[in-house]
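Undergrad: According to TrEMBL, the record shows the following:
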BINDING   B:Gly151, B:Val152, B:Ser153, B:Arg154, B:Ser155, B:Gly156, B:Lys157, B:Thr158  ADP binding site
2 protein chains.
Amino acid sequence: MPPTVFIVSDGTGITAETFAHSILSQFDLKFRLVRVPFVDSYDKAYATAEKINAAAIQEQRRPIVFTTLVDTGSNEILKGTQALVMDMFQSFIQPLELELDTKSNHAMGRGHGNADTEEYKNRIEAINFSLAHDDGQSNRSLAEADVIFVGVSRSGKTPTSLYLAMQYGVKAANYPLIPDDFERGKLPTALYDHRSKLFGLTIDPTRLSEIRNERRPGSKYAAPENCRYEVNEAEAMMRREGIKWLSSTHKSIEEIATTVLQEIRLDRSPY
Amino acid sequence: MPPTVFIVSDGTGITAETFAHSILSQFDLKFRLVRVPFVDSYDKAYATAEKINAAAIQEQRRPIVFTTLVDTGSNEILKGTQALVMDMFQSFIQPLELELDTKSNHAMGRGHGNADTEEYKNRIEAINFSLAHDDGQSNRSLAEADVIFVGVSRSGKTPTSLYLAMQYGVKAANYPLIPDDFERGKLPTALYDHRSKLFGLTIDPTRLSEIRNERRPGSKYAAPENCRYEVNEAEAMMRREGIKWLSSTHKSIEEIATTVLQEIRLDRSPY
């Protein structure tokens, strides 16, 4: 039976869970994860402590608890349970208080997804922008874009654009490079006014063919020789036009986004 | 001058930065954040250490370093700098090794955005699904949806759907409730086959009117009385049809997603 891991937070618990996940993935074991979000009162802390103790009895072993509760009293309630309690916040906040010679404000639910902030509004606006400027749908207000991705169909432009918008409030447009462009030997006209914002994505033709075949099996669009042609032409065009680019073949949208943020010097905080 | 904070990671540094951000937001201070991703060799660790020491000299104070490096040798290089080094991984991994009576595998870049996993492919597939099923665009393969959001236009359905897809690989479709539906007094027909998957979003009419006015200033669509009418009708319909719903007025997509995951019992790990 896999060890039970509770992730207790006064907010959504998303930051805590992502972090706990990174740590747990260092072990070649399976874990049973129980996320307990919105623990923002003593009542809820006591209810959580009961759940933890019940798991300890039932499984006859100490559960593991990651907590990012900011409230000291609630944290103490958890520390009274039959569990290995790892306090993700206080471990770092106490040394920081010493170093900075200042007290932390013990504010709950900060730093992640607060809907009533300017930062949050910017993210939602960026998502709307990226959706409206997906796949070359619109040239309107392209000047507002922070970055414009170009690349052949299915090279990863759309998910990368949405990820940058959602996580960083980056207004990311994207434009497909299509056979028409290759025949003309030129980028889509609308892009020439925004060359400094262009960023290319390319992809291994064999992988591209696989991806396109899932969408349109047996089509010319998905055929290996067509994919090779499009990718070659797109790369040649990006080289000719001096557009920075990278290959998405083995890269996740997180990895592409991190590289792009460094390149376009738009390195912003996630929220 | 704000203290400089380095966030050093062997991967994208996104998990580390999100977590550091939560911790730093507990202080009413400004910080200068420097993210140093992809530190996956001794050479890069030494180069990072030089940067940290240069900052210490220039600013005449110890920088703060958050590291999630898994490699012990590289971590030691950072610990030799003139900085307060907070080791986010080892702080938790060592007690876990004891508790679980097993060694961690010290694998780099795990747990976040690895493009070559089944989990990652599911996320990309979910993004494509959610885009194809945005705003009632398609009834095809609605049976594959994990959740179908309903609500008036601009109640937050699209960003929430995309967030669930991107972070959790949840296939989230969404359907607008429009005046035609209210006149008929019925949900869009296609939805009756999937009632158990429906989840409603509502919003305060005054806030809705503000949001719609940004899009279409002075329109009937954005008028306060129209927004009140639509929201009332939508809420009445959701009540009548027994659809669970929540208000997005003061909730971020993270908060909505967390609640929805609990409701639909689809609580999955983020990565």
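In case you wondered, yes, glycine gets a Cβ from its N, Cα and C as well.
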Undergrad: Which Cβ among the binding-site residues (B:Ser153, B:Ser155) has the fewest C-beta neighbours inside 10 Å?
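TA: Least crowded of the binding-site residues B:Ser153, B:Ser155, by Cβ count within 10 Å, is B:Ser153.
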Undergrad: In the structure shown, which of the binding-site residues B:Arg154, B:Lys157 has the fewest Cβ neighbours within 10 Å?
TA: B:Arg154
Undergrad: Using DSSP and three states only, what is B:Lys157 (ADP binding site)?
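TA: Going by the DSSP assignment, B:Lys157 (ADP binding site) falls within a helical segment, counted as helix.
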Undergrad: Using a Cβ cut-off under 8 Å and a sequence separation of 6 or more, which residues in the same chain sit near B:Gly156 (ADP binding site)?
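TA: The answer is B:Leu201, B:Ile203, B:Ser248, B:Lys251, B:Ile253, B:Ile256.
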Undergrad: So if the criterion is CB under 8 Å to a CB of chain A, which of the binding-site residues B:Gly151, B:Val152, B:Ser153, B:Arg154, B:Lys157 qualify?
TA: none
Undergrad: Please give me the CB contact count at 10 A for B:Thr158 (ADP binding site), counting all chains in the structure.
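TA: A 10 Å sphere around the Cβ of B:Thr158 (ADP binding site) contains 23 other Cβ atoms.
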Undergrad: Neighbour count, 10 Å Cβ-Cβ cut-off, for B:Val152 (ADP binding site): what number do you get?
TA: 26
Undergrad: For B:Gly151 (ADP binding site), which residues in the same chain are close in space, meaning a Cβ under 8 Å from its Cβ, but six or more apart along the sequence?
TA: B:Lys157, B:Asn174, B:Pro176, B:Leu177, B:Gly200, B:Leu201, B:Thr202, B:Ile203, B:Ala234, B:Trp245, B:Ser248
